[in-house]
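Q: Swiss-Prot feature annotations, pasted as is:
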type: BINDING; residues: Ser54, Thr55, Arg56, Thr57, Gln81, Arg105, His132, Pro133, Cys134, Gln135, Cys262, Leu263, Arg290; note: carbamoyl phosphate binding site
type: BINDING; residues: Asn163, Asp223, Ser227, Met228; note: L-ornithine binding site
Amino acid sequence: MASPKHFLDLSAVGPQDLRTILDDARARKVATKAGTAEKPLAGKMLAMIFEKPSTRTRVSFDVGMRQLGGETLFLSGTEMQLGRAETIGDTAKVLSRYVDAIMIRTTDHSRLLELAEHATVPVINGLTDDTHPCQIMADIMTFEEHRGPVKGKTIAWTGDGNNVLHSFVEGSARFGYRMTMAVPMGSEPHDKFMNWARNNGGEIALYHDADKAVAGADCVVTDTWVSMNQEHKARGHNIFQPYQVNEALMAKAQKDALFMHCLPAHRGEEVTDAVIDGPQSVVFDEAENRLHAQKSVIAWCMGVI
């Protein structure tokens, strides 16, 4: 039996495959809006495991699988009790007998890896505490819709060194953009992601000054200062205040720079209303493109592209 095609991290999928997924996502978006989209996954079932609650991830994967012709099965963390009542390996083997693919959103990256190690069907990373690759696929798709090829462009991050940033860092090596980051002291991204990107051709630069990171950028990205279920890490929002994306900071970037945020946004904290509701903001295009990018991730994993 051939090994399943998992989508665990950008570092685990080659650049050609990532580009194939994005090309397919663009085509599926057009076909969906035209009412001509095919349904290649009729009769297929996607299990969705949510140890960490979500609106966008659940809805986008559910709707996406249905648009592909398949069905979904929602499993909450309390229902699954991964690694408690039963080993994760055994759960993976059992689910593989019932469904055709598994998406998991978890607070522990090791659970994702263990699930994929034992599953005989594709496993998709819907988000972990370490990475969020599906979000970056949607973000690159969105950037290229508005500004053309991302290769050679500069994407600037300001805020916390979190899971979304880790995937952006990996993406710099996979898609060829320059990644600049500004984070408070002590909130830096993990070295393993930085080192991997540098060793694989990524151009990355880390600052503790938002003005330096954003200067001349083609896109400015931020996220909530404290992620869900990580409130214990909060050391006072005052340390993040200099990293707020406001009109003054956006003025440091290119005049036509885009603003991105994976949502939900804490307005008045990491971003002001003037920016998120302004003409440079594409946050709702990002949210929509989660649907289309993830459809193509599912299709790639299941061998129909």
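Counting begins at 1 with the first residue displayed.
Placed from the backbone N, Cα and C atoms, the Cβ positions cover glycine too.
So where do these features actually land, and what's packed around them?
A: Neighbours of Ser54 (carbamoyl phosphate binding site), defined as other CB atoms within 10 A of its CB across all chains, total 16.
Residue environment of Asp223 (L-ornithine binding site) contains 26 other Cβ atoms, counted within 10 Å of its Cβ in all protein chains. In the three-state DSSP classification, Asp223 (L-ornithine binding site) falls within coil.
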Q: Given the binding-site residues Cys134, Cys262, which one's Cβ is surrounded by the fewest other Cβ atoms within 10 Å?
A: Cys262
Q: Within 10 Å of Asp223 (L-ornithine binding site) by C-alpha distance: pick out those among the binding-site residues Arg56, His132, Cys134, Cys262, Arg290, and say none if nothing qualifies.
A: Cys262
Q: Indicate the candidate from Asn163, Ser227 with the smallest number of other Cβ atoms within 10 Å of its Cβ, considering only these binding-site residues.
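A: Relative to the other binding-site residues in Asn163, Ser227, Ser227 has the fewest Cβ atoms within 10 Å.
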Q: Between Arg56, His132, Arg290, which of the binding-site residues has the fewest other CB atoms within 10 angstroms in the structure shown?
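A: Among the binding-site residues Arg56, His132, Arg290, the sparsest Cβ neighbourhood within 10 Å belongs to Arg56.
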Q: Rounded to a whole angstrom, what is the C-alpha distance between Asn163 (L-ornithine binding site) and His132 (carbamoyl phosphate binding site)?
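A: Asn163 (L-ornithine binding site) to His132 (carbamoyl phosphate binding site), Cα-Cα distance: 6 Å.
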